[in-house]
Structures are given as C-alpha cells and as structure tokens.
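What TrEMBL records for this protein:
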type	residues	note
COMPBIAS	259-278	compositional bias 'Polar residues'
DOMAIN	78-158	domain 'Cadherin'
DOMAIN	159-267	domain 'Cadherin'
DOMAIN	268-382	domain 'Cadherin'
DOMAIN	383-487	domain 'Cadherin'
DOMAIN	487-604	domain 'Cadherin'
SIGNAL	1-20	signal peptide
TRANSMEM	604-635	transmembrane segment
Amino acid sequence: MRTYYLTVLLWSCMFHAVHMMPSPKRTNKHSHSERIIGLSENGGKTLHRIKRGWMWNQFFLLEEYTGPDTQYVGKLHTDQDKGDGNLKYILTGDGAGSLFIIDENTGDIHAAKKLDREEKSLYVLRAKAIDRKTGRQVEPESEFIIKIHDINDNEPKFAKDMYTASIPEMSGVGTSVIQVTATDADDANYGNSAKVVYSILQGQPYFSVDPETGIIKTALPEMSRENREQYQVVIQAKDMGGQMGGLSGTTTVNITLTDVNNNPPRFPQSTYQFSSPESAPPGTPLGRIKANDPDVGENAEIEYSISNGDGSDMFDIITDKDTQEGIITVKKHLDFENKMLYTLRVEAINIHPDPRFLQLGPFKDTALVKISVEDIDEPPVFSRPWYLIEVDEDAKEGSIIGQVIAQDPDTPMNAIKYSVDRHTDLDRIFNIYSGNGSLFISKTLDREETPWHNITVIATEINNPKQSSQIPVFIRILDINDHAPEFAKYYETFVCENAKAGQLIQTVSAVDKDEPPQGHRFFFELVPEFAVHPNFSIVDNKDNTAGIMTRRNGYSRSKMSTYLLPIIIFDNDYPIQSSTGTLTIQVCACDSRGNMQSCNAEALLLPAGLSTGALVAILLCIIILLVLVVLFMALKRQRKKEPLIISKDDIRDNIVTYNDEGGGEEDTQAFDIGALRNPEAREESKMRRDVIPETIFQIRRTAPIWENIDIQDFIHRRLKENDLDPSAPPYDSLATYAYEGNDSIANSLSSLESLTTEGNQDYDYLSDWGPRFKKLADMYGGEESD
C-alpha cells in the first residue's frame, strides 16, 4: 500500500496601495489538522492516519489592481514534490488559463488581469498534481474559491439626468415635491462604498432634500407663481456615507409652481370714456375694457356685467372669452335729442374663486363707464311703425283714404315731402299729396280682384334729400254687395220617363264673389212667369241649396226631350243682388231603379237590339266602299289618257317639218309667215296634244286688233293667251313664236347651193362683217388644210 501526503502553502498578499509596496510579500500560514483517508489498491479497507501539510477554504483578492507586476494569489504544493520536476500542477475552473495562471512546476498562482468585482465577485477553481512520468494524480483534485474584495471605484448614479416636477404656489413649508434616487454599484456589504447620502447644491433657500430618502421639499412659505414660476434645483448623491474621499453624482430637478386663484381682477383705471352716434343700431360695439388678473387659465376667467347706472337699459356688456375683455354694445336705439350722456357701473368678477384664499379680499372689481351720444342728421321718423287703412271698394276716384305723418327728429319744423314707391304700386292705383301725406285713390277698386294692397310711402327732407325713410302701408279693400249669386257649377240634370210626382231630381247650390260679414245666405225661386210650373217645382232647403222636384207622373222623350227651368237666386246683403240661372233638364230612359240608360231622342228611331259597336262597324264599311269607288274612277280615267306623242315624227318642241330642203329666206312658199305679219290672220284650231281628239272644235278667231301692231307685242299677247288657255296640257308646254326680221345683208349662208358653183369661192368678205362672223371667216377664209 502507498500513502500520499499533500502539503499546500497558501500565500495571501493584501495590497492597499501599489506605490507603498513595490513587491508582494509572501506569507506562509500552517494549520495542522488530521484527516483519515483509506485507500487500497486491492480493494481492501484499511484505516491509516494521514498527515496533511495544508488545508484551505478561500482566497481574497483586491479588484482593480494596478501594480507593475501580476497580482500573486497563492501557491499549490504537495509533500510528494521532491523538487526534481516530476510533478505537474494543473488549475481548472472559472478564469483558469485566462484570468488566473499557475506555474505547473512550482504551483504559484497569479492574476493575469485586473479584476472587477462589479462584473464578477466570486471565482471557483480546482487544483490537482500529476506525475509527469505516469500521468497519474498524486493527490485527489481539490476545489477552492477566490473572492474579489470591493474597493470604492463607482460613484452613485441617479435614475434620470433631469427630473421635472410641479407644486401649487402658496404651498406650506415641508410640502413634498419629488423623490430622487441614486444607486451605487459597489458592494454594500463591504465597507461604506455603497452608502449614499443626498444633499442640495443649488435651490436653497426655496427647497431642501432629505439626506437619506432623497425627497425634495419646500423650504419657504407662500411662494408665489406671479413672482417666480420656474426653479432649478441640483441634488448631489455621495457614497462613503458622505465622508471626505467618497465619490458623488448629481442630477437637476426643474420645479414649476402651478397657478392657484389667489389674485382678484383689478381694473387699471377707475373711469372709462366712450361715445356713440345716435344712429348706431342695436348690437353695435362701442369699446372694450379689461380687468387685469395675474392668474392664468381658468383662474383668470372673468365675467363682466353692468351693476347699475342710468344707461343699464340702453347698453349691454358681453365677455370675450378669448381675450377676457368686456365689450360694451348698444342695446336700444339712441336719441341725442332725448339724452346725451349715460353713466354705467361695470363689474368684473372671477368665475372660479378658490375658497382657500377668500380671506385675501373680494375677487371682483368695479369701474365707471361714461358714454356720450353724438348728434347726427337723422332721416324723418313716422308716427307709427306701419299703417293700416281700410277703404270700401266702391270709393270714388280722388277720395282720400288716410294720412301718414313724419317729422324730422333733429328739427321738427323742417318740411317733409311724401311720395309713393312705385315699385310697390305698379298700377298706380294710389297717390299721395306730397305736402301733407294724405293718400287718395287714382283708379277704381275691386275687392274680388285684389283684396289687399301693400304699398310703401317715402318721406324725404326737403332741405336734405339724402335723408329719407320708408314706411309700409297696408290697405284693405272692404267688400260691398256688387255681385249677384250664381249657380256653383253647371248642372247636368235629367228626369226619368217613369218618374213619379214629388221626386227629387237635382240639388243646386250657389256661390257669390262677395264676402258679407255675416256670411252668405241665398234664396231660390222660379221666375214669376213660371211661378206655378206644371212640370217642376223648387224647394229652398234654407242652407244655401235648393231641390228640384217633379210635379207629375211620367215624361215622354217623344213629346219633349228637354225642359228649360229658369231659377232666380237672391242674396241677403244690401243692396240685394239676384241673378237668373237656367237649369236644363233632359228626359231620359231609366231602369226600374232610376239609373239613366239613354237621353238622346234619336235613340227612339234605332231598331231595338242594335248596339253601338254594330253602328260603328256599319259606318266603317260604308266609308271603305266609298274609297274603293273613288279609286276605281281615278284608274279608269287614267286609262283613257293617251301619250302626248302619237307619231314617231312628232316631237314636243313646236317645230314645222318640211319634206324638202327649202330655198332659204327667199323661199316663202314652204311656210307662210303671214300670221306673224298680219294680226288678223286666221288661227288654226287648237287641239290638245296630250289626248286623242274626239271632236273637231270650231275655229276660234281672235278679236281684231289695230293695224300694223308691233310683232313683239303680238308675241307676248299670244304667250299670255296660251298660259290662260284652259285647253292647254296639264304639264309645261312652250309655245314658240319667232320673227326673223328684214332681209340680211349677208344674203343666204346656206351651203346647199355650193354644189352649183364652179371652182372655189372666195370667202374673204366674211372678215368685213364684224366680230360676230369671225369664226366663219377663220373656217372658210383660210387656206385649205389637209
């Protein structure tokens, strides 16, 4: 059995200042204890007493070490180490190899970097010793802890760089405003590095701060917002319990005093002066007044009112909510001649007073307002705002119906001119005397046509025509009984042939254009000539209607199909008016229940059982037959007509045909022109050229005319006769009459005789005949061309 002994040397170095200890000092501390460990290679269990050279629990290091060398932590050593280098020390765990390094030959442990407790305050590591030759552990792996001791390397920090707070003005001393809090990252369990104390650097004597809680409080009583509204307070938080050498941090707190209603409104002056023209209409603003209130918001809202004064009923004051001003306005029409100066007492009062400050005095103020009325040239003023005149409709032209009166309010003795606005009286029914304002009638009135007339009268100052005013005049036309009553409508009355005596056949009523004050009352009766009518009677129903009654049994359409019943209608107004209306009563055939079937007397002649539809069908058949007959006659007449041209030699123009060529103008045998030369020449009988002649008309001779009549007049006369001839064709036809005149100096131009001449003829003479024969001269006078 092999027994192992492990001796561990612990070196703990504490450095308070690097410059005070140039080199770390190694300290060995031996603590002897005994631990019994049984180990057997063959699995047997044997108790041995093992002597340990060193035991440990934890190491301590200072953070933020800034010395020139690495910080020494401690040393690992075992009794098995003979110093020959056969053992190798290995360190594992938190930061092994990076933060903590070990000399594998000697077992010395050093911190390779500065350590920050705020990042990591505790490191757990494991150490073991290995035989280099065999690679086996000579001691079991042991665990130890390295704890970082804190130093005061962090200043207190506030949660915000700047705080904002508010507190009502006039608050009492010690009123809490806001709490600020600072934290320190150092270890609160080790020393006073993390113990923070608060103090105020700026903001005294107005505010204070609790050193432990950081609550800011007021330090002065009745701080006024109107004097100062904004305060800036600087608070310091210092660690180490506020002792010298501790680290500190600061923050800024902006404190605002909020407004309370602790100031009443005050007018800057006790008296105000305003003026107003007397013509200012109600609602006209005259001026503004304002009471000053140092408060803001709703605490400064003011309500203005008129408390007393002789002008409280003539003027009013309203509050402008935006500017907190009082606007003085005109309430009623002013009159300089009546009163020139008014005095008002205006009051301004806070709307939202604060009960806590009512002891400061009444939160209202008053001021005196004087308003002077300015005189202006006013237009005439009528005695009434409007006039109502009533006149009978039968009033004569020129009758005075009423009067309007106006006067100048500035000078009552000034003359006034009156006139009627013709835009309101286009028919010029009324007129007015310009001097005294009396209205009179210019035309007759008719209440039934226009019961009301609304006109406008204008009053104008004679000295200043620009000053004028208008007034409405309402004229009511009173009714007189000038219309007679008449039937309300046209009545279609019938009586059945089988009617019985005393039967009601019609109820009639009447209307009247007049409107009597007591209402209409009409009376009905037959005319005196028919007072006792043998066939019908009338019964007055006493309700402006009357009933027509039969007086005998049975009526016959064949004897009398229609009865005329004249009725007189009276009214009860003065003078009494009456009219006669004739009621037409037809006799009709009715069924047993009195329903009308037919009222025409012609219906008696029609065969029984022939309906209206059958009569309409018969009438249509007759019309169709007549149309067919007319078409047949028209076609037959069209067939009788022959074409105008009855021969192939006939043409429409009036051309005389010859069988020979003729001999020119010298040949007078072919055509006799005597008819043109002799007006009394006998005319050929005219025959229609559009139809085949059936008979030979007698030769119609024209009336003889005077000798040697002009041929042109003769031709015109024949044209006129031809136009008026009833036997002429129905289409256009041209009757041609021509007269050539005397012999031509050129003789005959015919080429028919050219065959009898020998040789070529000389046509040069054509050039001497003038421009009209130039074309012929060019054709015949030139040389022959191929």
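Even glycines carry a Cβ here, placed using N, Cα and C.
Whatever TrEMBL says is automated annotation, not expert-curated.
Computed from a predicted structure; not experimentally measured.
Secondary structure counts, DSSP: the compositional bias 'Polar residues' (259-278) has 0 helix, 8 strand, 12 coil. Residues in the domain 'Cadherin' (78-158) partition by DSSP class (helix H, G, I; strand E, B; coil) as 0 helix, 36 strand, 45 coil. Here the domain 'Cadherin' (487-604) is broken down by DSSP into helix, strand and coil counts: 7 helix, 53 strand, 58 coil. Per-residue pLDDT, averaged over the domain 'Cadherin' (159-267), rounds to 89.
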